[in-house]
Amino acid sequence: MGGIIRDLMCKGRLKRFQTTFVFRQDDRLSLVFYTETASVCYNAQFHQTAIPYFKGQKMGFLQGKKILITGMISERSIAYGIAKACREQGADLAFTYVVDKLEERVRKMAAELGSELVFRCDVASDDEINQVFADLGKHWDGLDGLVHSIGFAPKEALSGDFLDSISREAFNTAHEISAYSLPALAKAARPMMRGRNSAIVALSYLGAVRAIPNYNVMGMAKASLEAGIRFTAACLGKEGIRCNGISAGPIKTLAASGIADFSKLLGHVASHNPLGRNVTIDEVGNTAAFLLSELSSGITGEITYVDGGYSINALNDEEA
């Protein structure tokens with residue numbers, strides 16, 4: 001059992017300790033505090049009923065980390081899969097919602113994940129973005145992770161002929177919401193994330209680099225998002241902040257339902273990737289949890305594909 005105690009005072013000074021609990025055969029608990037220069041061991045006898053509780057606890061690799069997750073609107077959301085994985089690894093979570101009608105739903109899911117921190121944030125508004133972090137700062141002394149799971153384009157731009165469906169308005173909307181929102185959020189989060197070995201993860205899709213039928217203007221926005229991931233990583237690296245992307249395979253979410261013939265796309269990908277199936281929000285969530293943790297401390301500016309291997313294919317068996 002181990003974790004980070006952030007607010008422990010030692011001789012009048014605030015220090016960060018790594019803690020480890022070690023059980024001995026006599027059920028005594030050795031509590032070890034590690035600092036950068038020394039370790040101190042305390043032995044404690046706990047009431048017999050407390051021993052199973054401590055022995056049953058598992059400290060995850062995100063224990064004590066504070067993570068803000070955007071874009072969770074239902075239990076089918078990729079953001080929900082990420083939230084579950086992060087919570088299972090010990091993270092403390094906060095969430096945003098975009099419109100008032102979603103607040104109650106998001107608050108209910110947040111409560112199930114152990115959080116009461118839910119804030120309104122329309123990423124088309126700089127004022128709302130800044131307010132989220134002002135409010136978050138009243139509860140947390142810093143931020144260790146930020147999940148960008150945001151994308152939107154007008155439905156009429158996500159079907160049919162690319163040139164027939166595109167418009168200046170659709171282009172601007174898709175890029176503002178789906179791409180510009182990443183650096184906008186990163187800029188506002190920067191003061192809270194600086195110097196904490198923190199991480200940003202953004203959700204992309206293969207349509208950023210391939211011409212996927214009906215994905216149209218959203219593919220352009222995702223390409224911009226992936227460029228933003230690289231530039232954000234380059235900008236923030238020296239401040240101890242990493243930024244990576246996940247290109248997830250198609251998943252039947254509420255957002256995906258706006259893409260024409262999406263069910264056909266799901267079937268095609270499942271039958272033509274090496275794993276022979278579609279990926280799940282849990283698989284994407286586990287990857288995101290890894291990228292948000294210090295297990296991935298040497299990775300930044302990368303796009304990780306979680307798509308069952310579909311993106312590696314050139315020709316499938318039927319076409320070869």
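Quick reminder: no glycine exception, Cβ is built from N, Cα and C everywhere.
Annotated features in TrEMBL:
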type	residues	note
ACT_SITE	TYR205	active site, proton acceptor
ACT_SITE	TYR215	active site, proton acceptor
BINDING	GLY71, SER77, ILE78, ASP122, VAL123, ILE150, LYS222, ILE251, LYS252, THR253, LEU254, ALA255	NAD(+) binding site
BINDING	ALA153	substrate binding site
Q. Since the record lists LYS222, LYS252 as binding-site residues, which of them has the fewest other Cβ atoms within 10 Å of its Cβ?
A. LYS252
**Q.** Residue among recorded positions ALA153, TYR205, TYR215 with Cα closest to the Cα of LYS222 (NAD(+) binding site)
**A.** TYR205
**Q.** Spatial separation of the residue listed as 'substrate binding site' from GLY71 (NAD(+) binding site) - C-alpha basis, Å
**A.** 14
(Q) Given the binding-site residues VAL123, ALA153, LYS252, find the one whose Cα is closest in space to the Cα of TYR215 (active site, proton acceptor). (A) ALA153
Q | Separation of alpha carbons, ALA153 (substrate binding site) and VAL123 (NAD(+) binding site) (Å) | A | 14
